[in-house]
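**Q** First, the structure itself, so that you have it in front of you.
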Ligand SMILES: CC(=O)N[C@H]1[C@@H](O[C@@H]2[C@H](O)[C@H](O)[C@@H](O)[C@H](O)[C@H]2O)O[C@H](CO)[C@@H](O)[C@@H]1O
Ligand SMILES: [Zn+2]
């Protein structure tokens, strides 16, 4: 990729829908401000459940046509977010959705959970060395909530960040590139609990109400180091993107539910933990911009020698 935009953000997610749920406002904001936002999705979500009854035939135990359908849902979500650079890890269909932890699908040939880590990371290294992002966003080491594809996406993303910077690793994939800042998706407990209180007060239009502790990446507020506000404009884009994933998500105003029918709050501000690189905020302050303190616009700069690694 030549003539790279000054700011470049790479996000790595497991299934179509995760990007909108976790980072829709962030992606829309930076895309709207002219940054290059690159999304890599590791599977097509073939093993998902299906919410709309008229689409139930797509299910893996019926037509097994959910994967291609979710590819189209993801394209519509990218349109809503204004994101133009989306790839599937290794190409669409290279890795299959593994199902929930413990499901027989975990062991199916081709399941992402069974992927060779360095082979999968190699596909991502090629993207990193092409787009040369200053910022990478992915899940924590539990994948947010323990889904095997989320855990594997975390492992592949973190491994690829290391390999992409190694000049001895597959030089044919491009010049080495060190990603300056790496963030994990987080949700601060007080914000989540307040959102559920709003949901209960509003009276959910969903069959039930979820539990705060089940929200992926929920942590004590002190763990969160960055908060990116999408404002009304980008929060609306996030909601539209989530609606585009209609087989997986039902949206009702400031709330949504997955196929389990359990309502939860939809946040227009998204939260992160900086796990590698240097914060651009003052000591003890949260960042409000993931690119704060980025070394330079080229994204080719090595980290400053005195740069303090975030302890994780
Ligand atoms: C948000 C997310 O990661 N969704 C995954 C997840 O889907 C959940 C799964 O079907 C579960 O059984 C339901 O109760 C829950 O409501 C769903 O969100 O796992 C799917 C299978 O791996 C995956 O396709 C989906 O994207
Ligand atoms: Zn997922």
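Glycine is treated like the rest: Cβ placed from N, Cα and C.
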**Q** Using only what TrEMBL says about Zn(2+) binding by 15, 18, identify which of 86, 150, 154 is listed for that site too.
**A** 150
**Q** Using Cβ-Cβ distances, find the residues under 8 Å from residue 18 (Zn(2+) binding site) that belong to the same chain and are at least 6 apart in sequence, listing them in sequence order.
**A** 41, 150
**Q** Quick check: with 15, 18, 150 left out, which same-chain residues have Cβ atoms within 8 Å of the centroid of the Zn(2+) site Cβ atoms?
**A** 13, 14, 17, 42, 45, 139, 143, 144, 147, 149, 153
**Q** Tell me the coarse DSSP state (helix, strand, coil) of residue 18 (Zn(2+) binding site).
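**A** SS state of residue 18 (Zn(2+) binding site) = helix.
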**Q** Within the chain of residue 15 (Zn(2+) binding site), which residues six or more apart in sequence place their C-beta under 8 angstroms from its C-beta?
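**A** Set apart from residue 15 (Zn(2+) binding site) by at least 6 residues yet with Cβ under 8 Å, we have 41, 42, 43, 44, 45, 48, 70, 97, 149.
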